[in-house]
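Feature annotations, reproduced from TrEMBL:
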- 2-212: disulfide bond (DISULFID)
- 50-60: disulfide bond (DISULFID)
- 65-71: disulfide bond (DISULFID)
- 120-202: disulfide bond (DISULFID)
- 125-185: disulfide bond (DISULFID)
- 133-148: disulfide bond (DISULFID)
- 152-161: disulfide bond (DISULFID)
- 162-172: disulfide bond (DISULFID)
C-alpha cells in the first residue's frame with residue numbers, strides 16, 4: 001500500500017531456508033505469495049529508496065543488506081521495522097508473530113491472520129513514525145527522514161541495549177523512546193522484553209503482511 005516501490009528483505013533463522021534468495025522487488029500495489037515450510041522461523045523487513053544494477057548490486061536508503069538485492073543470509077541494516085515469525089507444524093499448528101521496533105523503524109507494517117478463530121491478534125505499526133521521530137533518533141538521507149533509530153542504536157548504552165548488567169527483565173526497562181513508540185503503535189514490540197504484550201499467537205494457516213497498511 002505504500003506510494004513508492006519497495007524491496008523487501010527476508011531472512012530465515014539459523015538452519016532455516018531463506019526464500020527468494022533473501023530479497024525481492026514490489027511495485028506499488030503489487031503482492032506476492034511466499035510458501036513457507038512447517039516450523040519455519042525468520043524475519044521480513046522493507047527496504048526503500050533502492051538502486052540496483054543488473055548484477056543486483058546497489059544501495060537502499062533504509063533496510064539495506066550489504067549493498068545487495070538478494071540479502072542471502074544477511075539481515076537489514078537498522079533502523080528497520082521487522083516482522084518476526086515462528087510457525088508451528090500440522091500436528092502442532094500454533095504460530096507466533098510480531099512487529100518489532102527493537103531495531104528501529106523505517107516503514108509501517110502489519111501481519112494479519114486469515115481465519116484462525118478467536119484470540120488471533122494483528123501485529124502492526126500502522127503509523128509513519130518517521131514523521132514524529134525525535135531528532136536524536138533520526139536517520140536522514142538527502143535531508144529526508146528515512147528511518148527512526150532505536151535508543152540502543154542511537155545512544156550505544158548498555159542500559160538502552162539491554163546488555164551487560166541490564167540483560168534481564170528486572171533491569172532492562174523501556175526507555176522514554178520505547179514508551180513513545182508504544183503509545184503510537186501499541187501492537188508493536190518496542191523493547192527487548194515486550195513479549196507479553198506484543199507477541200501474537202494463532203492457528204491460522206495463512207497470513208497477510210502489508211507494507212503501509214491503512215490506519
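Keep in mind that glycine also has a Cβ here, set from the backbone N, Cα and C atoms.
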For this session: Have a look at the disulfide-bonded residues 2, 152, 172, 185 and say which one has the shortest Cα distance to residue 50 (disulfide bond).
Result: 2
Seminar exercise, completed: The rounded CA-CA distance in Å from residue 152 (disulfide bond) to residue 185 (disulfide bond) is 19
Seminar exercise, completed: Among 71, 120, 125, 133, 185, i.e. the disulfide-bonded residues, the one with its Cα nearest that of residue 2 (disulfide bond) is 125
Problem set entry | Cα-to-Cα gap, residue 202 (disulfide bond) vs residue 133 (disulfide bond), nearest whole Å | 32
For this session: List the Cα distance (Å, whole number) between residue 212 (disulfide bond) and residue 60 (disulfide bond).
Result: 18
For this session: Measure from the Cα of residue 185 (disulfide bond) to the Cα of every one of the disulfide-bonded residues 65, 133, 162, then give the nearest.
Result: 133
For this session: Please report how many Å separate the Cα atom of residue 172 (disulfide bond) from that of residue 161 (disulfide bond), as a whole number.
Result: 8
For this session: For residue 162 (disulfide bond), identify the closest of the disulfide-bonded residues 60, 65, 133, 148, judging by Cα separation.
Result: 148
For this session: May I ask which residues of the same chain, at least 6 positions away in sequence, place their Cβ under 8 angstroms from the Cβ of residue 161 (disulfide bond)?
Result: 152
Exercise. Out of 120, 133, 148, which of these disulfide-bonded residues is nearest residue 65 (disulfide bond) by C-alpha distance?
Worked result: 148
Problem set entry | Residues that sit under 8 angstroms from residue 148 (disulfide bond) by C-beta distance, when 6+ apart in the chain | 79, 104, 105, 106, 129, 130, 133, 134, 137, 138, 139
Seminar exercise, completed: According to DSSP, residue 161 (disulfide bond) sits in helix
